[in-house]
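See structure below.
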Amino acid sequence: MAQARFVGAIDQGTTSTRFMVFDHSGSEVVRHQLEHTQILPRAGWVEHNPIEIWERTSAVVQTALAKARLGAHDLAAVGITNQRETTIVWDRRTGRPLSSAIVWQDTRTDAIAAALERDGRGDVIRHRAGLPPATYFSGGKLQWILENVPGAREAAERGDALFGTPDTWVLWNLTGGPDGGVHVTDVTNASRTMLMDLETLDWDDELLGFFGVPRAMLPQIRESSATTPYGLTRANGPFGGEVPITGILGDQQAATVGQVCFAPGEAKNTYGTGNFMLLNTGTEIVRSTSGLLTTPAYQLGDQPCVYALEGSIAVTGSAVQWLRDQLGIISGAAESEALARQVDDNGGVYFVPAFSGLFAPHWRSDARGAIVGLSRYNTNAHVARATLEAICYQSRDVIEAMAADSGVALEVLKVDGGVTLNGLCMQIQADVLGVPVSRPVVPETTALGAAYAAGLSVGYWHDTDELRQNWREDTRWEPQWDEERRAAGYAQWHKAVQRTLGWVEVAER
Ligand SMILES: Nc1ncnc2c1ncn2[C@@H]1O[C@H](COP(=O)(O)OP(=O)(O)O)[C@@H](O)[C@H]1O
Ligand SMILES: O=P(O)(O)OC[C@H](O)CO
């Protein structure tokens, strides 16, 4: 049989789902993308409808394949990448979700997270799972469903309820759903639950006990680039034939692979709804003392797991959406650049978009957003500029923490994601950091990384050296500010962050 010409990747993200097809050079052949509903039932709650997510996944696959006149036989393999931590529980007999998906941004579990700090459980989680107890991760969300959705705990204990992050949900449905669906996740996704031991790469009974989670509802944890396929797409599903599914990676880890950060010391920063910076630390587990996460970066086939330090920032591109949707001062995200360019500096205004508290390196769920330093002189343009600066200052906070933990000083920052279309923002990033910022030709590094993981598994690509050949720089921004301006701006940013801390009380449990 002739070798299939392409590799596909499903990217199930926070705001949309896309399916992309890549050729051997890593170039895009076709894509289709659909948004899904953001359900915001009350302050701090963010939900998705898992059925809508599955329907949109099916639709983007079918439409993209039809656009390029491709069929299942054209694809050597398919990879899945996904928004991480978002928690779905469903009935294995019917495929019906027991509740809405609780999204990573949702803060309803703040009391659960705060309670974990008591009795030393927080330190156990920090050491074993590499994560600070926070609303962000799946364990507390799963506990909340088991405690609050009628019948959920009984179904879980009977073995009828299954848990998964979106990778697992999509894989289960692609491989047959109630009719033999495969219940699997990979190390990168499993590591975001607070339930997995970073060293054994398996679920940990003591951690399961902290959250009251029955093991029977958890997926099998596999490598990110499969030694043998996780499963085959069903012929009666969106691919219309059987394609091996051989790559699974959380979206930020996938972007790390897509940016070919395969050597210790290599890092990437993805600018989407939030920002996520990952620094490859090799096969060594580096435990952060500066507010970063320790997380698997990828596990390729039967090779040892490669780890990363991660700085997760909850609100970056979504602050630009907030200017558009809530303040109405721009009509589209791209307009933030033109508006901010009307002024030469921030006019003293600093915006700390702590809408979901502050993630790395602060981990303060009691923080809330603030715009400070306003005087009558300020305009919408200063607020737009402060929004772009906030994206860059938050990234600097994370990069400083990485330097403290790893001793690695960045020489260049590799970037990707929607916000990197904003040239002013990327210039400010170089200015704020004092290091160049570099964006690759293929900006869709997340889908590309999942395709790479899938393609490596089936021999479509031979090794990571071959993938490195595909990476090319598109644009580079050099720092322009002098050291004095850089230091003064950063000092003011820190003052602004201090103003947001302790703003709300976290309920006792
Ligand atoms: N030109 C732009 N300037 C600033 N922000 C932008 C621009 N274009 C897109 N964005 C922001 O990028 C985000 C979308 O990027 P994307 O990588 O698709 O994110 P995600 O994968 O998180 O959905 C949105 O939050 C949007 O506000
Ligand atoms: O879907 P994105 O790109 O917003 O990424 C979300 C992250 O995976 C959350 O941890």
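Numbering starts at 1 and runs along the chain as displayed.
The backbone N, Cα and C atoms fix where each Cβ goes, and this holds for glycine too.
Here TrEMBL flags THR14, THR15, SER16, THR273, GLY317, GLN321, GLY418 as ATP binding site. Annotation comment: TrEMBL describes THR14, ARG84, GLU85, TYR136, ASP251 as sn-glycerol 3-phosphate binding site. Here TrEMBL flags THR14, ARG18, THR273, GLY317, GLY418, ASN422 as ADP binding site. Here TrEMBL flags ARG84, GLU85, TYR136, ASP251, GLN252 as glycerol binding site. The feature domain 'Carbohydrate kinase FGGY N-terminal' is assigned by TrEMBL to 8-258. The annotation domain 'Carbohydrate kinase FGGY C-terminal' is assigned in TrEMBL to 268-456.
Separating the Cα atoms of SER16 (ATP binding site) and ASP251 (sn-glycerol 3-phosphate binding site) is a whole-number distance of 13 Å. Taking a Cβ cut-off of under 6 Å from any atom of ligand 1, the binding-site residues ARG18, ARG84, GLU85, TYR136, GLY418 reduce to GLY418. In sequence order, TYR271, GLY272, GLY317, ALA333 constitute the residues six or more apart from GLY418 (ATP binding site) in its chain with CB-CB distances below 8 Å. Looking only at the binding-site residues ARG18, ARG84, the densest Cβ neighbourhood within 10 Å occurs at ARG84. For ASP251 (sn-glycerol 3-phosphate binding site), the nearest of the binding-site residues THR14, THR15, ARG18, GLN321, ASN422 in terms of C-alpha separation is THR14. For ligand 2, the nearby binding-site residues are ARG84, GLU85, ASP251, THR273; that is, of ARG18, ARG84, GLU85, TYR136, ASP251, THR273, these have a C-beta under 6 Å from one of its atoms. Note: the Cα of GLN321 (ATP binding site) and the Cα of TYR136 (sn-glycerol 3-phosphate binding site) are spaced 20 Å from each other. Taking Cβ-Cβ distances under 8 Å and a sequence separation of 6 or more, the neighbours of THR15 (ATP binding site) in its chain are GLU35, HIS36, GLN38, THR273. Within 10 Å of the Cβ of SER16 (ATP binding site) there are 13 other Cβ atoms, across all protein chains. Annotated glycerol site ARG84, GLU85, TYR136, ASP251, GLN252; additional same-chain residues within 8 Å of its Cβ mean position, judged by their own Cβ, are GLN83, THR86, TRP104, ARG192, GLY250, PHE276, SER312. Reported as a whole number, the C-alpha separation between GLU85 (sn-glycerol 3-phosphate binding site) and THR14 (ATP binding site) equals 11 Å. Under the DSSP three-state reduction, GLY317 (ATP binding site) is assigned to helix. For the domain 'Carbohydrate kinase FGGY N-terminal' (8-258), the model's average pLDDT works out to 96.
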